[in-house]
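TrEMBL has this to say about the protein:
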type	residues	note
BINDING	GLY15, PRO16, ALA17, ALA18, ALA19, GLY20, LYS21, GLY22, THR23	ATP binding site
DOMAIN	11-203	domain 'Cytidylate kinase'
Amino acid sequence: MTKNVNGGMTVAIDGPAAAGKGTVAKAVAAHFGFAHLDTGLLYRAVAAKTLKGMDAEEAAQTLAPVDLEDPSLRNPDVAQEASKVAVIPAVRAALVRFQRSFAARAGGAVLDGRDIGTVICPDAPVKLFITASPEVRAQRRFAELSGKGIEITYETVLDDVKQRDMRDMSRDQAPLKPADDAKQIDTTEMAIEDAVAAAVALVEAKLADRG
Ligand code: DC
């Protein structure tokens with residue numbers, strides 16, 4: 001499991017799509033020199049394969065690092081499909097070991113996703129749950145996709161966000177929810193720099209505790 005027997009620091013960051021968890025995770029990792037894993041990419045990479053006709057469980061079991069570099073993983077159709085394959089217990093099970101060994105890196109690790117604080121790293125010393133209203137998240141995702149030249153309307157993005165939230169929160173296994181001991185940060189009206197500063201302060205306090 002992720003008990004930090006190696007002395008490393010594991011930071012677990014969860015939350016719904018486009019709440020800012022990726023930005024916070026990257027900034028915290030850069031600040032402390034920790035490795036960062038965007039676990040959504042694992043589900044997206046499985047999804048990209050199932051969209052090409054592969055069986056989801058097989059796709060999860062045979063996932064290779066190069067599969068995470070496919071630029072199409074950021075597309076909205078892949079995101080929707082990722083949320084669908086993420087419901088399948090065998091897919092989740094196939095991805096657990098990789099995530100836990102990443103979390104146990106000696107130099108420290110930040111993982112962001114939906115079930116990091118609850119299932120993947122229940123012993124992580126720092127847990128964050130980052131949220132924002134669906135409308136603000138859709139606005140951010142819409143700006144990001146439009147900026148990449150992807151043609152999509154705000155309404156479609158909002159619909160996508162709500163559908164994914166619903167599926168991610170209501171599945172039986174590892175549903176999206178804050179761990180009991182997670183610090184919640186709502187970025188609806190907060191500048192992302194402030195969310196980063198709050199996260200950095202939490203990690204610093206935990207490192208200081210350890211002496
Ligand atoms: O974080 P993201 O938007 O890239 O995630 C895509 C989908 O993958 C998300 O809708 C649900 C799934 N996912 C998951 O079930 N568990 C994770 N730890 C990360 C992502």
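Just so it is clear, glycine is given a Cβ too, placed from its N, Cα and C backbone atoms.
Just so you know, TrEMBL annotations never went through curation; they're auto-generated.
Just so it is clear, the model here is predicted, and its values are computed rather than measured.
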Near-site residues: ATP, ref GLY15, PRO16, ALA17, ALA18, ALA19, GLY20, LYS21, GLY22, THR23, CB cutoff 8 A to centroid: VAL24, ASP112, ILE130, ALA132, ARG137, THR187
Neighbourhood of ALA17 (ATP binding site), C-beta criterion under 8 angstroms, separation at least six: ALA79, ARG137, ARG141, VAL161, ARG164, ASP165
Close-lying binding-site residues around ligand 1 among GLY15, ALA19, LYS21, THR23, where CB distance stays under 6 Å: none
Other CB atoms, at most 10 A from the CB of THR23 (ATP binding site): 18
Surrounding CB atoms that lie within 10 Å of the CB of LYS21 (ATP binding site), all protein chains: 29
